[in-house]
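K.L.:
Structure in structure tokens, see below.
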Amino acid sequence: MSIISTKYLLQDAQAKGYAVPAFNIHNAETIQAILEVCSEMRSPVILAGTPGTFKHIALEEIYALCSAYSISYDMPLALHLDHHESLDDIRRKVNAGVRSAMIDGSHFPFEQNVTLVKSVVDFCHLNDCSVEAELGRLGGMEDDMSVDAESAFLTDPQEAKRFVELTGVDSLAVAIGTAHGLYTKRPKIDFQRLAEIRDVVDIPLVLHGASDVPDEFVRRTIELGVCKVNVATELKIAFSAAVKEWFNENPQGNDPRFYMRVGMDAMKEVVKNKINVCGSANKLVLDSAVVL
């Protein structure tokens, strides 16, 4: 098995009407917890790391872990650069073996976003690396980046059409009412806007900020063309809450093998639910056209 591009995973999801879950990773334990479930449920998966992730643990170390797990779990893995903002940073990581990258220029004006994304697409496509970009801007907290409500804005369908045509990007993250992190009130998802984007854009669409969104809302977005669902905050909360509870019950405890496993098991329950919501169970493809 190997580290692969997300392009083929998302094309299969688009053709068959499901979504591939993209789970944010932080260390060996989070990777292992995710893959234990995905292997058991035979679900394709995208392991996403933000720039902050790669400051915590070097790309080369994460890549080595993912390569080893791909063999031991007998499944191809997509290691994805989530919310990266620099061509130079992406270039270095693609040269190290990564085959999936998100370039986030959503904070720039439209034309500047296009220019940045096009430069990344031109480089990545020469290296069999798929590219995701974002148009519109989600509010909330992602990594060490905070976007307030006044700075967030939704994706315009006609701009999305033009953006995809100008950049040649492989997948598009859209802003339709979700936000990074947890919600203080029930989110208002603009399903009509999503449908209008789907009508004019033929590449896979991506839902960011899916943590804490009602399952029925996520399923509806998949029906309307979302092929990749990002989950981060719910995983961290489940892991951390379980570890805190373990220490409350075992105040003298000090063995990471015990409390890490408790955290991993709690995270696994979230992963199972998200796979069921995405409809990706038993969708793992091992065909040579997918595994590069």
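Glycine residues also receive a Cβ, built from the backbone N, Cα and C atoms like all the rest.
Okay, so Swiss-Prot annotates it like this:
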- D82: active site, proton donor (ACT_SITE)
- H83, H180, H208: Zn(2+) binding site (BINDING)
- G181, G209, A210, S211, N230, V231, A232, T233: dihydroxyacetone phosphate binding site (BINDING)
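Can you walk me through where each of these features ends up in the structure?
P.N.:
D82 (active site, proton donor) carries a strand DSSP state (E or B).
Around the Cβ of H208 (Zn(2+) binding site), a 10 Å sphere holds 29 further Cβ atoms from the protein chains shown.
Around A232 (dihydroxyacetone phosphate binding site), taking its Cβ as the centre, 23 other Cβ atoms fall within 10 Å, counting all chains.
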K.L.:
In sequence order, which same-chain residues at least six apart have a C-beta under 8 angstroms from A210 (dihydroxyacetone phosphate binding site)?
P.N.:
T178, V218, V229, N230, V231, K274
K.L.:
Whole-number Å only: compute the distance from the Cα of H208 (Zn(2+) binding site) to the Cα of A232 (dihydroxyacetone phosphate binding site).
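P.N.:
The Cα atom of H208 (Zn(2+) binding site) is 9 Å away from the Cα atom of A232 (dihydroxyacetone phosphate binding site).
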K.L.:
According to DSSP, folded down to helix, strand and coil, what is N230 (dihydroxyacetone phosphate binding site)?
P.N.:
strand
K.L.:
Return only the integer: C-alpha distance in Å from A232 (dihydroxyacetone phosphate binding site) to H83 (Zn(2+) binding site).
P.N.:
12
K.L.:
Let me check the 10 A CB neighbour count of T233 (dihydroxyacetone phosphate binding site). How many other CB atoms are there?
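P.N.:
Its Cβ shell of radius 10 Å holds 18 other Cβ atoms.
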K.L.:
Within a 10 Å radius of its Cβ, which of these recorded positions (D82, H83, G209, V231) has the fewest neighbouring Cβ atoms?
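P.N.:
Lowest Cβ count within 10 Å among the recorded positions (D82, H83, G209, V231) is H83.
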